[in-house]
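The region 'Disordered' annotation in TrEMBL covers 1-29. Residues or ranges marked as transmembrane segment by TrEMBL: 93-109, 115-136, 148-170, 215-239, 251-275, 303-325, 332-349, 355-375, 387-411.
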Amino acid sequence: MSQRRRSRAAGSPAGDVGSPPSPQKARRIQPWPALGSDRRVLTLALAFRAANALLVRTYFNPDEHWQCLEVAHRIAFGYGHLTWEWKRGLRSYLHPLIFAALYKILALLHLDTPWFMVIAPRLLQSVFAAFGDLYLYKLSKRIFDVQVAQWTLFSQLVNWFMFFCITRTLSNSLETVLTVAGLYYWFTAIESSKGTSAVSKQQAASKQNPQSRKVALLIAALSCAIRPTSAVTWLYAGLLDFIQMKSRCHFVFLEVIPVGAIVLAVTTFLDWWMYGSQVIVPLNFLKFNLFSSGGDYYGTHVFHWYFTQGFPSMIWTFLPFSICGIVKSGEWRISGLIAWVLGVYSILGHKEFRFVLPVLPLALMFSGYCLAALAQFKGKNLHGKKCLSRLQLSVILLIITNVPMALYMSLCHQRGTEDVMYYLSKQAHDGRVKSVLFLMPCHSTPYYSTLHYNVPMRFLDCTPSDNKGALDESDRFLTSPSEFAGKVFGNFSSFSHIVLFESEERHILHLLLRNSFLEARRFFHSHFRVDRDLQSSVVVYSQRDVL
């Protein structure tokens, strides 16, 4: 992608490129004047994301545990549940192996205690997230200037959804970090040009730093190996510059194909070794999610959901600032990338917030551009008295609308399912848990990766059926809790603990009491419903003799 002159200040018109800065520009307010080097930015990001990881205590998406940590726990300790995706070869082991190595280190140091098993993976992800913050800062500085970079970092750290999601062990979180880092090296690969004509821009696009471009291609390949849908992003980025390249054959046959082939070969060999059979994960993943619409089993949304609900909820009050930055900056390639990703993912029926997480930092970069443009002198009223400037009002608005929401979603909303597993883990290590039954929608809680104790556990299965319209165990239980529980599990005598939501408790309470189960603990879960009935609490019942 072609880059803009660094001398172009945020908010200045295109014709001002190369002109000396005005007094107003020279005195622009910077959010963190002390950030004079990338090392200081990284130090700040590491400290912030570590605190971020410690503050995330809630449940967001099952994949955080079931498609990463549960698999990693099985690799490291020999037990853990593999969901149906792993039996069909839809997932790569590349991502879980990172955390399996962490678990091994914890075990060697005898630190695999309940608390460390919960917090250590998120602390590791916080390190990755900090490097993502650093590369977003560097990308903003390369495309615009240091003032924009600082305000972009402010936007990244304050945005509620980034705080809520980026330190979670989702493959989307690591994909986001790799996408930002890869785009930075892709921009670095294109040399700046002093001219502004169309011819000079084309020449600038054709003159690339091979080393940085290879790093960008390697990062892009790794991102696609972790999540094959990341190819959507890199297809756009690559094609736009490909049409302006002079040495296209060299780029394709001596750079793209070799790098892609090496990464594909290594990850395929890794998956063959871990699966014990010959599987090509990217092909299986694309077949299921794109060509057969397998993801629709978990629900569908209207076509415009990402544009009207999903992405606006993620970017939140930064949205008008991002739109302003897109218009004022004229950096249409990055804004086009955002629109492209949202548009392509809109074609798919099944939609989730996390799918478009990789373009959220790019949108926040435009918010940084707008805030940098607002960074002028403090305003004065008609009587000459100082008053809050538009920048200060904007910063206050962004903080009061994002920070409380980030803390509430990270500390309160849907925390019961995390708390209950931490409680059971401590009980299991004290020898008080013999077996557990989860009478709740499938994958509502973490599993062995948090319990970290090898006892029998059972949850309601929700494997997609080949027969359309067939109800899985989870749906059958929610339809008729008492009838299903009595028919499938009988008198519950094989379980020492039963976990369920308060909304289903009243339906099977008579079965629990009749079979000598008493309430052991109750954990707050949420104040409002998400996609089912209000699940205000998570309740643990245990047999009388266990108490």
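Glycine residues also receive a Cβ, built from the backbone N, Cα and C atoms like all the rest.
Curation does not apply to TrEMBL; its annotations are automatic.
Contacts between the transmembrane segment (148-170) and the transmembrane segment (115-136): present, as 3 or more C-beta pairs lie under 8 angstroms, all at sequence separation of six or more. With respect to Cβ pairs under 8 Å, the transmembrane segment (332-349) is most closely packed against 215-239, considering the stretches 215-239, 251-275, 387-411. Long-range contacts of the transmembrane segment (251-275) within its own chain (CB-CB distance under 8 A, at least 6 residues past either end) are made by residues 75, 89, 92-94, 97, 210, 213-214, 217-218, 221-222, 224-225, 238, 242, 245, 281-282. Residues of the same chain lying 6 or more positions beyond the ends of the transmembrane segment (303-325) and with a Cβ under 8 Å from any Cβ of it are 155, 159-161, 342, 345-347, 351-353, 356-357, 360, 363-371, 373, 394, 397-398, 401-402, 405.
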